[in-house]
Amino acid sequence: MDPFADTLQRLREAFVSGRTRPAEFRDAQLKGLSRFLRENKQLLQEALAQDLHKSAFEAEVSEISISQNEINLALRNLRTWMKDEKVSKNLATQLDSAFIRKEPFGLVLILSPWNYPLNLSLGPLVGALAAGNCVVLKPSEISKNTEKVLAEVLPRYLDQSCFAVVLGGPQETGRLLEHKFDYIFFTGNPQVGKIVMTAAAKHLTPVTLELGGKNPCYVDDNCDPQTVANRVAFFRCFNAGQTCVAPDYVLCSPEMQAQLVPALQSAITRFYGDDPQSSPNLGRIISQKHFQRLRGLLSCGRVVIGGQSDECDLYIAPTVLVDVQETDPVMQEEIFGPILPIVNVRSLGQAIDFINRREKPLALYAFSNSSQVVKRVLAQTSSGGFCGNDGFMHLTLASLPFGGVGSSGMGNYHGKFSFDTFSHHRACLLRRPGLEKIYAIRYPPHTPRNLRVLLMAMETRSCSCTLL
């Protein structure tokens, strides 16, 4: 028996009825999301603490407030985003109405991960609801406490004829993906991303894949080591390093490494104390499986900071590795933990070559007092996002699209980009039924004169002026 058939049929029928299309309905759903966050803030903080040992600060900054900001932005701009977008016209269409209409795709599937289980569920959900879709949300079963809140509490705040939360592990997700959806939004690792894309291809379903990768962090000799260390340590250890845009490794000269290591030690001690395990500000690894994987990476290179672990507490200390080789296991996969390898390069050119030999990352960071150095890294590399002289602060701007490139993903979202991602941009031209004598120039028998006139009339114009 198919456990999802009835739910999907209910949602698809609701979409076909046109229920989700009016701005008033979309507005009500977004306000429901907002109430969910306000009225269940403590419950959500407790769930995030149980799943990931997230501090109240991290939960507020990276899960609750950022989701609320997305909702507020959508509520303020919904009707503007929904408006038909007028486009420029050529001479042949000057008497016509030409525009782009933003239409919902229909039935959308959102597959969210465990590392930011609230933010990475609600972020795409805001865009999908604002665009007028019906939505199936499949949260990660690994962050089980947050999953429980999303499954049991969130639906009370939304129209359940148009929204559903489904549960399960990999086997259930596989069965879910056998169904035809009109759009699939997946956040996770590239291996599972390939499975999702393969399933989507069977139905020619469009996808957004928010994946990961090894995010390089180049540190130039011309910079203040302590400032760099503060920012790199903070972003590397935020959420215990379980962030898809965290700096994954540092590229710097041996001379800068000699200054950076003690600066990193100083920053880690100031942030988390002499015993980071007792700090309320340092999270824990999500599961035994991920803990064992990370502990295995501690044997790479040479540990100069940290290296401690506690299996019972799922604790990995903030760790810095040096003497790391490009072929070491820690350089073959996204780390997703509070471990920072340092790889030595002799020049900026060598660092850029190192980056470009690898898969395109989700984020790339460059630190230097020289704007020319930062701009050169930006110009000569490719990544989903880029930030000069800081960590993943570019994510805080809803005016910037968030997404990967190549193996780090495809498509993007945040702010209006979320609305556009979940909207079909329909090309529309409305023509008057008369004026047949003018339009008859297109018809056979063709003459050189008619061809010249027609080509001139169809020529693309840069001017957007219209007669109507």
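Cβ atoms are placed via backbone N, Cα and C, with glycine included.
These figures come from a predicted structure and were not determined experimentally.
As written in Swiss-Prot, here are the features:
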type     : residues                                       : note
MOD_RES  : MET1                                           : N-acetylmethionine
BINDING  : GLY188, ASN189, PRO190, GLN191, VAL192, GLY193 : NAD(+) binding site
ACT_SITE : GLU210                                         : active site
ACT_SITE : CYS244                                         : active site
LIPID    : CYS463                                         : S-palmitoyl cysteine
MOD_RES  : CYS465                                         : cysteine methyl ester
LIPID    : CYS465                                         : S-geranylgeranyl cysteine
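PRO190 (NAD(+) binding site) falls within a helical segment according to DSSP. Note on the recorded positions VAL192, CYS244: the fewest other CB atoms within 10 A surround the CB of VAL192.
When the binding-site residues ASN189, GLN191 are compared by the number of other C-beta atoms lying within 10 angstroms of their own C-beta, GLN191 comes out lowest. For GLY188 (NAD(+) binding site), the same-chain residues that are 6 or more apart in sequence and have a Cβ closer than 8 Å to its Cβ are LEU111, PRO113, VAL196, GLU210, LEU211. Look at the Cβ of each of the binding-site residues PRO190, GLY193 and count the other Cβ atoms within 10 Å; the largest number goes with GLY193.
Take the CB of GLU210 (active site) and look out to 10 A: across all protein chains shown you find 27 other CB atoms. Among the recorded positions PRO190, GLN191, CYS244, the residue whose Cα lies closest in space to that of MET1 (N-acetylmethionine) is GLN191. Of all Cβ atoms in the shown protein chains, 3 besides its own fall within 10 Å of the Cβ of MET1 (N-acetylmethionine).
The distance from the Cα of GLN191 (NAD(+) binding site) to the Cα of CYS244 (active site) comes to 14 Å. In this structure the C-alpha atoms belonging to CYS244 (active site) and PRO190 (NAD(+) binding site) are separated by 11 Å. DSSP assigns GLU210 (active site) to a strand.
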